[in-house]
Amino acid sequence: MLHKSPSRKRFASPLHLGCILTLTVLCLIAYYFALPDYLSVGKSSSRGAMDQKSDGTFRLKSIYRHGVGANHRLHQRLEVTPEVISAAGMLYQETTTQGQDFEDQEPLWTTNAEYATTNPFDFEFELRRMPLLMKRMKERDPEFIESYIYGETYMTEEEEHAMWIDDDIVAPNITDRGTVVSLALMSSNAYVRIPQTGDWRNVTEPWNETEPEDFGWDGDGIRGHVFYNEVENIVVLSIKGTSAQGLPGSGEDETTGNDKINDNLLFSCCCARVSYLWTTVCDCYVKSYICDESCLEKELRRKDRFYSAVVDIYKGVLKEYPDAAIWVTGHSLGGALASLLGRTFGLPAVAFESPGELLPSKRLHLPFPPGLPSYMEGIWHFGHNADPIFMGTCNGASSSCSLVGYAMETACHTGRVCVYDVVNDKGWSVNMFNHRIHKVIDEVLLGYEQAAKCVEPEPCVDCYNWKFIPSRDWESSSRLITKTKSHAAPTTTTRTTATTTSSSTCVGRNWLGFCTKYEL
């Protein structure tokens, strides 16, 4: 009788196990180093290659000012010399002393001892940087970008996709609290006044117009402060935001008029048409909740508006630093303009408490790469949930923004949002005065041990109750469909008669907004 030999369990030899373990470790190491940089950005505790401190510091090097409105052709640059810094420091100390007599005076600088200074114009900023894989256009020359936005460059669908590239760039480390605070201070620096000193150089050709006496720091216009790190060859462009009485953005109100016009144009549904009592900032309103889309687009692109002005300032910075990495930042309106500029030219942009800028981005036809994943965006919006302007809740006829003449009707942001939950963490109530930049710096950015986590915005729709038509003529010449019945027996038939109304334009409206007078 045959007996089967007992089965034997096979054991791997030590050499075999060692080979498997070695291969596993090598695969893990290879996977780690092959991991895209944008997936490793969240390691805020790492101070290695993923998060590097800049070898040099950022110092204010120049200031740009650009006229808007009637003075939109004026564009100048001031080199920040030791004489300018000294005079600015004296003015800052004088202004600070005078401000101590007023309890509600907005401070010009942070009260935190870590960032204390007697002269904000002489402050040296330290920023940490990080690598970022960013999808942006291969050709970013301003002339090409402008022709692309204005529809002057024809491309096939294949060419459209081919012009986008995945670019390895250097960006500010938005997970580092100190870097976020420094960028916010750079944004607040654009609010600080500078004395009437130094030589302003014309960026454009000499003008035929006579420069108005009040132009510059005491007149209309937009400003950009340029900070430069000579060691790393990195530029930070800080754009001045809203300065207005009633709407707390800064401590002074030099450009209130044009700031309000541009705020209402950028962030309202249709030319700040909140009710019949409002004076609109453009003539694109057709009738109740109907707006001329092409008219809005033309208004935003006008050369005397802020978007064109900030693009011109960027051109000047690019000419001054052609090989440098350029980052943009700003607060409020300045933050929204920084985001629009970053979207236009593929620049890293960090905005603070900015209104929703998705709507103006679309109206300006700014480049949005097809199928862009959120982690490849280079735009970050920092804010807190007690600021109704940032959260998009400061709207309606009875809102605090409306009471001071602002139609802040947008809520949707592009890029990523980094929100501090001060309502639950600190017990704050929603208040327009929480929008102030130094309240944000002192009590929010410095009030938390870590920077807010940046996430993809939730699904959002602006102006859902408005109808936007291609043009005013399209509304007046639309085909009216009417149905009439034929009573011929034994069946009833229905036929459709199409009639076309003649093209006309409304030239007069009553107080309810209805058209009372037409012009052919």
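Cβ coordinates are placed from backbone N, Cα and C, and glycine is handled just like the others.
As annotated by Swiss-Prot, topological domain 'Cytoplasmic' applies to 1-14, with the evidence given as experimental evidence. Positions annotated as transmembrane segment by Swiss-Prot: 15-35. Residues or ranges marked as topological domain 'Lumenal' by Swiss-Prot: 36-520. What Swiss-Prot records for ASN173, ASN202, ASN208 is N-linked glycosylation site, and it gives sequence analysis as the kind of evidence. Annotation comment: Swiss-Prot describes SER332 as active site, charge relay system.
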Top of the recorded positions ASN173, ASN202, SER332 by count of other CB atoms within 10 A is SER332
On average, residues of the topological domain 'Lumenal' (36-520) score a pLDDT of 81
Mapped onto three states, the DSSP assignment of ASN173 (N-linked glycosylation site) reads coil
